[in-house]
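Asker: The structure that follows is given in the form of structure tokens.
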Amino acid sequence: MQQAVSQRTSRYRSALVTVASMCTALLIGGCEFEQSAESSAAPEPIRPVRVAEVVETGGGEEIRLSGTIEAEDSINLAFRVGGQLIQRTVNVGDRVRAGQTVARLDPETAQNAVDAARANVAAAMARLVETRNTIARYEPMVARGFVARQQFDRAVESRNAAEAQVEAAEAKLRSAENQRSFTELVADAAGTVTARGAEPGEVVAAGQMVVQLAREGGRDAVFDFPPRVKDALAADTVIEVVSTTDPNVRALGRVREISPQADPVTRTFRVRVGLANPPEALRLGSSVSGKVPVGGGAEGISIPAAALTRADGQPAVWVVDPGTQRVALRNIDVIAYELDRVLVQHGLMPGDLVVTAGVQSLRPDQPVRLLGAVSAPAVSDEAAPESAGETTGGTPR
């Protein structure tokens, strides 16, 4: 009897332990759910950004564009014949003089052609000597009637043909010698090597660029102009060109060439400005800026170049709503790119606030805090991105 009571008591205790374990698990799960709900309801992090106010520009301003110094006259040196390149005596940056040999082809084939042509000349000369000797023998014999007149005439015709063959053989020899001379590439003017198009050991075709040479003499400042600025230019417009590394190095130039066709990628027009007496510091390849008057042009909006980003392949900026302190991505129409600013035709209004630092870490409708401005909610260290001071990678050209 006591044993049966003991067994029932043991079963009751096991059941109580099981129920207690289940209750504990439910309580723990409920706590985790409440913690997860509290976490999901956490406030969205606020991004600190720098902004700039949009300003309006008039139509009579001057803008600066960046460009490079190039030679006024640049040529591609190439062989007139094809063959294997065995030597190139110059590299990029080397100065060459007029008449200097800059590259050579394997001359073996050309030399063989010269040797064959000389042999043909020798054979033709031997034939000519033979026909002349025959005529010299026939002439006294014709007068005495020992040689028929027709036979003498055939000897004269053979001599004439031999003379023609000699002339043809000599012409082929001159041609072969010219072909051999074409295996050496000679600079026709003094200048500086700006590019190379083949390496020793390569087989090059006739006309293939081996060395690009910037001839000594005039220098151009080359710019890529947006359509609005290009339309305001005249063929004799004076432009001041300044070195970007040393503002004291400058020169004046006149527009001498305006490309009639826009670049298919950048939609800009290539403009060459001929410099008058440029200083030596404006070397080939130097980076320069040009001050271009665009008086009478259309009005626009000016923003810092650092504010520019892209959306769906088009220029865009992040605009801050002062009331909600949230950002929106807005597409814009760019009409000109300057060194550090961008001129906008549509998409912005004077007084708009555009983000200039922190643009890469933003998303639409994200709350932001303007750096330097008073903001009620504090931003934790975790909420401040390391890239808050970064700007866009560059202005597209």
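These residue numbers are counts, starting from 1, taken along the chain as shown.
Using the three backbone atoms N, Cα and C, a Cβ is placed for every residue, glycine included.
Features from TrEMBL:
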type   : residues : note
DOMAIN : 78-209   : domain 'Multidrug resistance protein MdtA-like barrel-sandwich hybrid'
DOMAIN : 115-179  : domain 'Multidrug resistance protein MdtA-like alpha-helical hairpin'
COILED : 152-186  : coiled coil
DOMAIN : 228-289  : domain 'CusB-like beta-barrel'
DOMAIN : 301-360  : domain 'Multidrug resistance protein MdtA-like C-terminal permuted SH3'
REGION : 376-397  : region 'Disordered'
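Set these features in their place in the structure for me.
Answerer: On the 0 to 100 pLDDT scale, the domain 'Multidrug resistance protein MdtA-like alpha-helical hairpin' (115-179) averages 92 in the predicted structure.
As a summary of secondary structure, the domain 'CusB-like beta-barrel' (228-289) carries 4 helix, 25 strand, 33 coil according to DSSP.
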Asker: DSSP on the domain 'Multidrug resistance protein MdtA-like C-terminal permuted SH3' (301-360): how many residues come out helix, how many strand, how many coil?
Answerer: 5 helix, 37 strand, 18 coil
